[in-house]
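Peer 1: Okay, these came from Swiss-Prot:
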BINDING   H563, H567, C665, H669  Zn(2+) binding site
Amino acid sequence: MKTTSEIRQSFLDFFHSKGHTVVPSSSLVPENDPTLLFTNAGMNQFKDVFLGLEKRPYTRATTAQRCVRAGGKHNDLENVGYTARHHTFFEMMGNFSFGDYFKHDAIQFGWEYLTSPQWLGLPKEKLYVTVYETDDEAYDIWNKIVGVPTDHIIRIGDNKGAPYASDNFWAMGDTGPCGPCTEIFYDHGETFWGGLPGSPEEDGDRYIEVWNIVFMQFNRLADGTMEKLPKPSVDTGMGLERMTAVMQHVNSNYETDIFQTLIKEVAGLLNVTDLDNKSLRVVADHIRACSYLIADGVVPSNEGRGYVLRRIIRRAVRHGNLLGAKEAFFYKLVPTLATVMGHAGEVLTQKQAHIQKTLKAEEEQFARTLERGLALLEDALTKVENNTLSGEVAFKLYDTYGFPLDLTADVCREREITIDEAGFEAEMTAQRERAKASSNFGADYNNVIKVEGQTDFIGYDNLAAQATIVGLFSNGKAVDTIQSGESAVIILDQTPFYAEMGGQVGDSGLISTEICNFAVNDTQKYGQVFGHIGQLTSGSLSIGDKVTATVDATRRVAITANHSATHLLHSALREVLGDHVAQKGSLVSENILRFDFSQPEAISKSQLEEIERIVNRKIRENIQVTIETMDIESAKKKGAMALFGEKYGDVVRVVGMTEFSIELCGGTHVQRTGDIGLFKLVSEGAVAAGIRRVEAVTAETAIEWLHNQQKVLQQSAEFLKADSNSLVEKIQQLQDKAKRTEKELQQLKDKLAAQAGSELVKQANKINGVNVVVQKLENVEVKSLRTMVDDLKNQLESAIVVFGTVADEKVNLIVGVTKDLSSKVNAGELVGAMAQQVGGKGGGRADMAMAGGSEPQNLDNALKFAEEWIQAKL
């Protein structure tokens, strides 16, 4: 039996023998293609070759391309673990012809590789092929040259509601290269349900697509016209995991060698004996996607690719939690994965330490909120109406506890509860609107603003200047005039306004004439011009008008102090933590400064105190801030540090504060460090694996922050009737007392529950020899129901327990069944039937299930129904 690695290598060897160049897999992060979130097909790295924009030294290529489908248009995440073939990560084997061979060779290559005893040796009678309905050429090649009988060839027409919209017609987009395709299907046999491609039962598991050849022979124009390409090309794909399942005679990809190795590794780590547990599948799949994404440079974050990675990690951690994980485990799978992936695992071996460190940090970070978030979700699920979790709750889990929507959906899916996704999106939209409300200007002008020439920035030495309007933009387009009340972007020939760059926010202020006032809320750079973003509050303005541009001086001074303090902070971090500290991002505003930097571990309190002391010492030294312009090589020799993400020309601006801090910087700065006044760190934490963030305030804001802290301290002391100097001791005393009280209360609850349980044991009925407890309970908290059910099951050893209770006019139902009886009486089935009696829905596992309802007056009938239902089953 061939292993996955052997099949991968045999594919590459076969096509190499046919004159193809073996091209390494490209990164999962697409290069120079903003349309793609992740590499999701073998042809991605050759897109420009197919479009004629790039030439390669070969016309035939073959690859084993790693791909991810999670997030964006191609998102398989919610199905992973629950189906036989959905994955977040997969390998796509491919062979490509760039104007070289076409249909004859492409079809014969595929058939030879699949059926020749020298290669895969699949039985020919097990294979079926599809062709586009009008592609007679491909049909004839299959039938007359390859010899596939007509009853094994299926024509597929336009089955997606439009011309050329078909499972057997591929297009790169609405316009551009496109063409028919032919697919090969493997028949798993009559023991599996499913029909041939094109039949109503085509989605079954019997006939599985294993090969797809796209014939790029047309160029579709905007009017729908199909032009023949001068050099037709071929793009072939074979899913490695699917083919491995075929070759290893299993119907699920999760039964193949790689997944079985990973599943057993997870089970061993977490002491799981049931190897069919779907959570094992989820973890085994997700470690592949996460490891390769990190190896290709993706870092967990809250946006873009980083957020997709974070979602996958958190879903894996949650399923680990279901499997009983008590501590970080996910990162421990990396060495096994690197080994079992064979040659494709070399990149994992090279970056193993980094991958493991990143995974462990993210797992531990999420573990701190997972338990609290799950508790909130469990509570919310007991109160759902119409079997739907509100979008508001789902958003709170996302926003407060870091639960991606698909993780919440996972939990709900297990209870047969849906999520109000429209409500979730409404909450998300509202948050986005709040975030951008301060700008009063929502249009994206990056691709709209086109003005000849450039804006001369004169704001280092001037906060006001005369200027001429050379461009006006409003409502997403260029205009000649704006009227009072309109939001707009004004372009000036020269300006004292600093445009957002290098982490420093853009200036605000006023653009005016004798009769007009334009309030500038922000300043952004568009190419070589500065855009002054805001609203005209009086009069009208037109292109060519002479205006006075005045920066908000108070705000600029505060921003300037924070920028200079950021430079001091950077140097202090390197002095205390080491030279590995490198800037990864920053924000310099009037209210706060934020600095992201490389640092593999948390910073201790003593280190933070030392960093703060160093910065304030440099402020007290009142160092002269020097600004010089020089060529880039001279700046490097001077020891100047470059800012993260900035591009520099041949001539640069160097900001120095003696030898302590020398940086390349285009921002605004104080004249002397003493102008900063005071520096106070206010927060420190991780933003991603290996990246920390500190936030600080300066000058008047720092003094105000200290005043507020003092006020809180004094108010706390007064509230606790203690002196501020002994406040910590007083709080410790109260905490100790609270713990004792809580312990006593829990002991009392346990005692009462035990007494109630003993009484309920006595009241157990025998139905056909089985202990059955069906009771309506009073004054019992919902969260205590599960504990009581478990206690009764343990005491009775073999029993069926049904409880109903009413709280806040809502019915809560719970059913527990011991393992020996769950095959006869399914708890999820019973609680679902009961829920219908009380106007609700619910479900769960065979041994434990909960439901809710909105008709408490029908609870007695529901409990009576339960007794009759159980009796019928027994």
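Backbone N, Cα and C define each Cβ position, glycine as well.
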Peer 1: Going by DSSP, is H567 (Zn(2+) binding site) part of a helix, a strand, or coil?
Peer 2: helix
Peer 1: Within 8 Å of the Cβ centre of H563, H567, C665, H669, which other residues of the chain have their Cβ, at the recorded Zn(2+) site?
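Peer 2: Near the Zn(2+) site, beyond H563, H567, C665, H669, sit S564, T566, V625, V655, E663, G667, T668.
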Peer 1: At a 10 Å cut-off from the C-beta of H567 (Zn(2+) binding site), count the other C-beta atoms across all protein chains.
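Peer 2: The Cβ of H567 (Zn(2+) binding site) has 25 Cβ neighbours within 10 Å.
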Peer 1: Taking DSSP three-state, what's C665 (Zn(2+) binding site) in: helix, strand or coil?
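Peer 2: The residue in question, C665 (Zn(2+) binding site), is coil (DSSP, three-state).
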Peer 1: Enumerate same-chain residues with a sequence separation of six or more from H669 (Zn(2+) binding site) and a Cβ-Cβ distance below 8 A; give 'none' if the list is empty.
Peer 2: T560, H563, S564, H567, V625, I627, V655
